[in-house]
Amino acid sequence: MAGKFHILLLNGPNLNMLGTREPDIYGSLTLDDIVSKLSEEAHQSGVKFSHLQSNAEFELINRIHSAQGNTDFILINPAAFTHTSVALRDALLTVKIPFIEIHLSNVHAREPFRHHSYLSDLAVGVICGLGVDGYSFALQAAVNRLSKFN
């Protein structure tokens, strides 16, 4: 589908295990369920939507680099890379594409090492602790922001 805007969703390590990985924290929906729902919401909003999940940091970085010039907004759940990846931070700084950081769980109510993010201060916004709804809220915010400023 050709849309007015292109929004890219990136999901980091272990999110491919949603539905079976700690469902009391992350819920019972699979990543495919979440991406299908978000894809439909994007279609209804008239935007082009693409997605990549990877457990490999370099694949996420390469996808961020290839987004330059053809992507208007990034939604990213960096998962564990949130707390460790200066490289993801640098990639996002390099391409200068606005992004929203998403977390299913409230990272601030979890272990202390999860409280720090290398991305949050660069993000347009951060959504955490709202489960799967956080993805929909992020998509809606991105569409609203793109419509307002373009």
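Glycine is no exception: its Cβ is also placed from the backbone N, Cα and C atoms.
Following the DSSP three-state reduction, the secondary structure of TYR26 (active site, proton acceptor) is helix. Positions annotated as active site, proton acceptor by Swiss-Prot: TYR26.
In the three-state DSSP reading, HIS103 (active site, proton donor) counts as strand. Here Swiss-Prot flags HIS103 as active site, proton donor.
According to DSSP, ASN77 (substrate binding site) is assigned to a strand segment. Residues annotated as substrate binding site in Swiss-Prot: ASN77, HIS83, ASP90, LEU104, SER105, ARG114.
Mapped onto three states, the DSSP output places ARG21 (site 'Transition state stabilizer') in coil. Cβ-based neighbour count (10 Å, all protein chains) for ARG21 (site 'Transition state stabilizer') stands at 12. Summarising the annotation, Swiss-Prot assigns site 'Transition state stabilizer' to ARG21.
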Candidate recorded positions ASN77, HIS83, HIS103, LEU104, pick with smallest Cα gap to ARG21 (site 'Transition state stabilizer'): LEU104
Among ASN77, SER105, the most crowded of the binding-site residues [Cβ within 10 Å]: ASN77
Distance, TYR26 (active site, proton acceptor) to ASP90 (substrate binding site) (CA atoms, angstrom): 28
Neighbouring C-beta atoms (10 Å sphere around the C-beta of LEU104 (substrate binding site)): 24
